[in-house]
Amino acid sequence: MDVEKKDRAVCLMFALMLAGGLLLCIFMPKDKYSDSERRMLTPMPGLSAGNVWSGRFMSGFEDYAADAFPFRDAFRRIKAVTAFKLFSRMDNNGIYEADGFLSSVEYPMNEADLERAAERFRHICDKYLTEKNKVYLSVIPDKNCFMAAASGHLAMDYDAFEGRMKELADFAEYIPISDLLDRDDYYRTDTHWRQEKIGDVAGRLAQAMGTHLSQNYEVHRLDHDFYGVYHGQSALMLPAEELKYLTDESIRNCQVYDWQNKREIPVYDFEKGEGRDPYEMFLSGSLSLLTMENPCAQTDKELVIFRDSFGSCIGPLLLEGYLQITLVDIRYIHPDYLGKFIDFDNCDVLFLYSTLVLNHSDTLK
Amino acid sequence: MLFSSITFLYYFLPLTLVLYFLSPGRLKSAVLLLASLVFYGWGEPRYVLLMVLSILSGYVFGLLVERYRKKRAGRALCVISVGISLSFLLCFKYLDFFLENLNRAAGLEISLLGLALPIGISFYTFQIISYTVDVYRGERAQRNLIHLAAYVVMFPQLIAGPIVRYSDIAGQLTVREHSFSGAASGIRRFVIGLGKKILIANQLGELCAGFRASEEKSVLFYWLYAVAFSLHIYFDFSGYSDMAIGLGRVFGFRFLENFHYPYISASITEFWRRWHISLGSWFRDYVYIPLGGNRKGQKRQLLNILIVWMLTGFWHGAAWNFILWGLYFAFFLTIEKLWLLKLLKGSRFWPHVYTLFLVMISFVIFNGESMGQLLSDLAGLVGTGGIPLVSAEAVYYLRSFGIVLLTAVAGATPVFRSFMLKISKDPIGGKVLNLAEPFALAGVMLVITAYLVDGSFNPFLYFRF
């Protein structure tokens with residue numbers, strides 16, 4: 001190819017890319033929601049003189065143009081692959097992959113957040129509990145605990161984390177569980193642990209709280225593929241996973257009441273299991289206050305679990321040992337309102353939180 | 001509007017190119033002007049009026065200065081025009097700085113204006129000044145308001161330069177050549193510039209932001225930051241200049257070069273001949289020489305250097321660190337002029353080390369958000385304050401950005417260019433290059449688009465559901 005032809009080819013290529021891009025941007029149908037990022041995409045801003053004069057239209061349009069760009073996920077994939085393969089970046093937007101497991105960098109340990117979390121827990125104890133209540137604390141290590149250091153990524157000192165929480169929450173008896181976990185107990189493409197792998201954790205918690213679980217669970221598999229939150233966020237092509245769930249007599253007969261929406265809900269919400277975020281099938285995802293009644297209980301023990309999303313998964317496994325378990329998520333309900341719904345007399349209380357929430361405890365009310 | 005945005009690349013640019021190339025020759029400047037006003041107004045619509053006022057002032061005074069330039073009134077009119085342009089700059093860019101320092105020094109409580117800085121005001125003010133002064137010096141005043149306005153507001157160089165001198169493109173405003181070869185070379189330059197900005201500068205910017213956010217500083221981290229920021233600012237700024245020069249070429253203009261591998265310089269004097277060339281030559285021609293340059297003895301020359309470099313620093317921003325940055329260069333340029341330059345010529349290796357070190361320190365000063373931070377950054381480089389030599393975060397960032405850093409270091413030298421030139425001279429290599437170039441540019445554009453699209457990555461924090 002001579003220089004003149006090359007110059008024409010360069011001009012043609014550029015013109016085609018810009019014109020093609022423009023036409024696709026204008027005419028291609030726009031998504032309102034990004035399944036991969038699990039968020040609403042920025043809509044086209046309203047055009048008005050006021051919006052233009054203030055600059056709001058322009059800034060809104062910049063966000064819209066990037067969000068509504070055709071084949072957005074394919075471009076995000078190109079970016080991720082370029083970052084990892086061409087530039088050998090250790091992470092892309094804070095997400096990294098090691099041996100087929102995805103995780104997000106969680107570093108450093110935020111001392112102030114740990115203090116805040118402990119202060120919120122203490123407030124609950126001071127407000128509602130007496131010496132008759134037994135109070136427990138357990139910290140769920142996030143996946144990085146088992147993979148970050150080994151793959152050369154930034155890793156918090158999880159022993160120090162646990163130690164600090166124990167120290168700060170000296171009003172609670174600490175139940176260690178990290179020795180029972182490893183990387184395979186978590187989904188490859190998701191933040192969370194796998195229910196079928198945490199029977200031993202449930203057993204440890206129950207034993208420490210003075211009850212016993214027979215753990216005769218039946219394992220079931222959700223019918224369709226599971227792609228965790230990091231799958232879309234990383235924009236990498238990783239294989240689908242199986243989402244499994246456990247049942248036993250207590251779980252099958254359990255009645256769950258959702259105080260937030262004032263309705264009965266199932267332990268495993270299969271509608272949610274077919275939705276955008278199948279992990280929400282465990283106790284219907286992000287709900288502020290739930291009560292699980294166990295009609296098959298051989299005991300009158302009651303437990304209140306202050307928990308995050310990890311608790312939705314392990315909560316049902318503890319049912320056998322209790323007549324009633326109440327699950328509270330103080331990211332969605334202020335603790336000061338709990339007295340209206342929960343009778344704390346003679347209840348055991350467990351603060352069960354993942355390091356991810358404790359390390360960013362500004363979300364706790 | 002930024003070049004490095006989806007809005008510019010896939011909305012504004014194609015529409016502007018279509019309108020421009022479909023319009024007849026006599027309307028092309030008007031189309032360019034209109035597009036430039038939209039481009040400018042996109043970022044800050046209110047300040048379009050300020051820009052129009054600046055242009056009208058430059059236009060009227062240009063005509064008046066031309067009419068009276070052989071009389072005493074011509075000089076006065078030129079001074080008034082420069083004064084008006086500088087008063088806009090003073091009001092929007094520097095007034096709060098002066099008030100703040102006055103308040104601090106005299107214990108006063110004068111309220112600050114808090115005006116947003118009009119985008120590109122430092123660049124277009126200097127262009128209008130250059131126009132008036134060039135007319136005073138004998139250049140023909142522009143009678144066509146559209147041509148003058150297009151010169152001042154031309155979007156390729158409006159936001160980040162280069163500072164285009166009126167005398168350099170006066171002829172091109174009226175008549176300019178459009179060709180496939182010119183457009184192709186412009187496109188090539190634009191894509192390379194965009195790649196420098198998006199693929200290198202922005203990633204290095206991430207590293208610098210990571211350093212700032214880190215609470216785990218170490219000596220290694222400070223050095224990593226200093227190197228990364230020096231490369232970041234070069235790739236960011238020279239990338240913008242490449243894009244401006246490239247776009248100008250597509251529209252038939254030939255802008256002068258603004259960067260010429262500054263990091264291979266063997267002295268600070270040479271560095272400033274290669275770094276932001278349009279600014280250096282502007283200060284030389286419109287400040288240093290009118291002050292007397294080197295014609296009034298050595299003492300006066302040194303004073304002129306001091307004034308010019310203090311102003312150069314201050315031009316970059318209304319803060320003490322910028323003034324310090326300018327004075328820092330004045331100091332080393334003076335030393336070099338007095339005796340060091342001769343000494344540097346005696347060696348091949350050490351002058352580069354000397355220059356790179358001083359330039360890197362200068363950019364640490366440049367990027368200090370306050371004098372306190374600046375001093376702490378400089379202290380961090382030598383490990384004072386009990387910080388460790390190495391931290392986990394520093395090692396992580398070094399590993400994560402290692403390839404980007406190495407690419408940037410190589411890209412800051414003529415290595416790639418020499419390599420490509422060598423291949424192109426080979427008969428087969430040349431043909432392969434010609435064949436590959438359109439595809440390579442398309443590939444780079446795709447990757448750049450991918451980075452821009454991913455720029456709005458903003459996931460829902462699922463784990464808090």
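Just so it is clear, glycine is given a Cβ too, placed from its N, Cα and C backbone atoms.
Feature list (source: TrEMBL):
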TRANSMEM  B:7-27  transmembrane segment
TRANSMEM  B:47-65  transmembrane segment
TRANSMEM  B:77-95  transmembrane segment
TRANSMEM  B:115-133  transmembrane segment
TRANSMEM  B:145-164  transmembrane segment
TRANSMEM  B:220-237  transmembrane segment
TRANSMEM  B:302-329  transmembrane segment
TRANSMEM  B:349-366  transmembrane segment
TRANSMEM  B:403-420  transmembrane segment
TRANSMEM  B:432-453  transmembrane segment
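Beyond its flanks by at least six residues, the transmembrane segment (B:349-366) meets 225-227, 229-230, 233, 262-268, 270-271, 316, 321-322, 324-325, 328-329, 332, 374, 377-378, 381 of its own chain at Cβ-Cβ distances under 8 Å. Listed stretches B:145-164, B:220-237, B:432-453 were compared with the transmembrane segment (B:7-27); the greatest number of C-beta pairs under 8 angstroms is found for B:432-453.
Using the rule of three or more Cβ pairs under 8 Å, pairs at least 6 apart in sequence, the transmembrane segment (B:77-95) is in contact with the transmembrane segment (B:47-65). Residues 2, 29-30, 32-33, 35-37, 39-40, 51-52, 54-56, 58-59, 62, 119-120, 123-124, 126-128, 130-131, 173-174, 237, 240-241, 243-248, 251, 253, 255-258, 276-279, 282 of the same chain sit 6 or more residues outside the transmembrane segment (B:145-164) yet have a Cβ under 8 Å from a Cβ within it. Cβ atoms under 8 Å from those of the transmembrane segment (B:220-237) belong to residues 160, 196-197, 200-202, 204-205, 207-208, 211, 214, 259, 262-263, 276, 359-361, 363-364, 366-367, 377, 380-381, 387, 389-391, 393-395, 397-398, 401, 405, 408-409, 411-412 of the same chain, restricted to positions at least 6 beyond its ends.
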